[in-house]
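J.: Feature list, courtesy of TrEMBL:
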- 35-56: transmembrane segment (TRANSMEM)
- 68-101: transmembrane segment (TRANSMEM)
- 113-133: transmembrane segment (TRANSMEM)
- 158-177: transmembrane segment (TRANSMEM)
- 189-208: transmembrane segment (TRANSMEM)
- 228-247: transmembrane segment (TRANSMEM)
- 268-290: transmembrane segment (TRANSMEM)
- 322-342: transmembrane segment (TRANSMEM)
- 376-401: transmembrane segment (TRANSMEM)
- 436-457: transmembrane segment (TRANSMEM)
- 469-487: transmembrane segment (TRANSMEM)
Amino acid sequence: MTSTSSNSHSGHTRDEAILAGLGYKQEFRRQFTPLEVFGVAFSIVGLLPSIASVLFNAMPNGGPSAMVWGWVFASVFIMCIGLAMAELASAAPTSGGLYYWTHSLASPRCRNFLSWIVGYANTITSIAGLASVDWACAVQITAAVSIASNQVYVTTNAQIYGIFAALVLSHAVLVSLGTQILARLQRLYILLNVCLCFVVIIALPIATPSEFRNSATYALGDFTNFNGWPSGFAFILSLLAPLWTIGGYDSSVHMSEEASNATTAIPWAIVGSIAISAALGWGINVTLAFCMGSDLEGILNSPIGQPMAQIFYNSFGQKGALALWSLVIVAQYMMGSSCLLVGSRQTFAFARDGGLPFSRYFYRINSYTRTPVNTVWLDAFLALAMGLLAFASTQAINAIFTLGVTSSYVSYITPIVTRFAFKNDFKPGPFNLGKFSFPVAAIAVLWMVFMNIVFFFPTTPQTNVQEMNYTVVVLGGFMGLAVFWYYCPVYGGVHWFNGPVSNIASADKGRDDESASEKTGKEQGVDVLIVDA
């Protein structure tokens, strides 16, 4: 027991020394083990509920072929992005992550502006992630009610928004709790998500009646195109499903200051969550393709209002579908809590460096829970505001799914490019790709640029104001405001924002009140552990 405690303390001291080398004092409790850090990333992926949330995108843009082979195709590029991100995370594990890396690697002439843009892109990613996950959860809850009423119940956007608001507020309460509680919950999240995957992969083929079973020719080769785009472009549009599902892999980065052995735990959490999600997700999609029947239009337009819920209803019947769907809702709810957990840490880090309005207010740690309660509630209220898009049109609220991908890609592309485009003293951490670093990064960046352009296109070639893709409006508007505020005369960030700001000085000032013996011990610990790992 003593040895374990000693090793844990040594690891935490080493993590604190590395963080001090990046310019920050330790403010959170490091109570997330490597498994629990992986749990954060894996629970945000939330395979089964996530696939359910975006199945409406894959099915009309290729049907079973898009579901099965689109998943494989996209997973290769997702892994390239994850590997490039993992290298950066291993070198500089801090909650600021993306905007911190951008500032430290870019040219002094543009690093403040680029860091500012990445900070705001990452902020809107966090908010859109929470909003999209909780909106999908609200839709899933109404689908459960529809199943229970034998598809008699039909919901309205106002009712869905009410459920959505309750979910967001409950998550804000949950994520305001202490770090240890939040860390231990990740183990439960891992267990439930993995069990759900295997339940569907094993039980769905067994339960599906013969009339809904598809042949291998259909499941692996049929291409269904309902939206009117050329087949090749429709297939590319269907990739939103895997890209949104296996997304948010920067989530573990934002937990860096609460994780033990962060230089190795964070990058492996990124890579591990992508690899396991890609494998299990493909298994789920293959299973669905074999067991969903061939009436895709009927599934998409069913009274239940949720394609996967309809598939479960057809296969398991009312009671079986309701039981399994209830677990899907629980897993989706867990996703929402993880999204807010991670987003609040990123917002806290950006406020710490003065990037947000009223940063002094938001850069606060609750003395009791040792969590950033103020930024938790800030993110929650901004997500509630984003959810109001539902009252514009269905396409407007659906834009939060593509917004989560496009805004995240803006914040991913920038630090990866700055690493190679500018002269800097980048020093790889324990996780590095060696000579493969540049090729992998180049593939990742080109892919993200291409997909960002694609995701600004509307669902169908013929569109109108109600049916247009609002992603470009929301992202363009938000980022436009960020640029305006940066260059605003007198008050703009260009006059005062200097990127990540060290707070070590304040920590040193606090230590002046300690005894001489305590000072010596701490100084010796830092002197030893600041040496390259």
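Yeah, the Cβs are placed from backbone N, Cα and C, and that goes for glycine too.
Help me see these features in their spatial surroundings.
T.: Nonlocal intrachain contacts for the transmembrane segment (113-133), taken as residues 6+ away from its ends with a CB within less than 8 angstroms of a stretch CB, comprise 44, 46, 53, 96-100, 102-103, 106, 168, 171, 244, 247-248, 250, 332, 335-336, 339-340, 342-344, 346-347, 350, 353, 355-356, 379-380, 382-383, 386-387, 400-401, 403-404, 407-408, 410-411, 414-415, 418, 475, 478-479, 482-483, 486, 493-494, 497, 499-500.
Tertiary proximity for the transmembrane segment (268-290) is limited to same-chain residues at least six positions away from its ends with a CB under 8 Å from its CB atoms, namely 34, 37-38, 40-42, 45, 47-48, 51, 55, 64, 67-68, 71-72, 75, 78-79, 82-83, 85-86, 89, 194, 197, 200-201, 204-205, 208, 213-214, 216, 218-220, 242, 245-246, 249-250, 252-253, 308, 311, 431.
Sequence-distant contacts of the transmembrane segment (436-457) (same chain, at least 6 residues past either end, Cβ-Cβ under 8 Å): 77, 80-81, 83-84, 87, 233, 236-237, 239-240, 243, 402, 405-406, 409-410, 412-413, 416-417, 419-420, 428, 469, 471-472.
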J.: Given the transmembrane segment (68-101), which of the listed stretches 35-56, 158-177, 228-247, 376-401 has the most Cβ pairs that are under 8 Å apart from it?
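T.: Looking at each of 35-56, 158-177, 228-247, 376-401 in turn, the most contacts to the transmembrane segment (68-101) are made by 228-247.
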J.: For the transmembrane segment (322-342), what are the same-chain contacts with Cβ under 8 Å, counting residues 6+ beyond its ends?
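T.: Distant contacts of the transmembrane segment (322-342): 40, 43-46, 48-50, 52-53, 126, 129-130, 133-134, 136-137, 140-141, 143-144, 147-148, 167-168, 171-172, 174-175, 182, 185-186, 188-189, 192-193, 196, 199-200, 203, 248, 251, 254-255, 308-309, 312, 316, 376, 379-380, 383.
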J.: Have the transmembrane segment (158-177) and the transmembrane segment (469-487) got at least three CB pairs under 8 Å, pairs 6 or more apart in sequence?
T.: no
J.: Sequence gap of 6 or more, Cβ distance under 8 Å, 3 or more pairs: do the transmembrane segment (35-56) and the transmembrane segment (228-247) meet that?
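T.: Contact between the transmembrane segment (35-56) and the transmembrane segment (228-247): present.
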J.: By Cβ distance under 8 Å, which residues at least 6 away from the ends of the transmembrane segment (189-208) in the same chain are close to it?
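T.: Distal contacts: 35, 38-39, 42-43, 45-49, 280, 283-284, 287-288, 290-291, 312, 314-316, 320, 324, 327-328, 330-331, 334, 338.
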J.: Mind checking which residues reach the transmembrane segment (228-247)? Cβ under 8 Å, same chain, six or more beyond either end.
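T.: For the transmembrane segment (228-247), the list is 44-45, 47, 50-51, 53-55, 57-58, 61-62, 65-67, 70-71, 73-75, 78, 129, 132, 273-274, 277-278, 281, 401-402, 404-405, 408, 451, 454-455, 457, 459-462.
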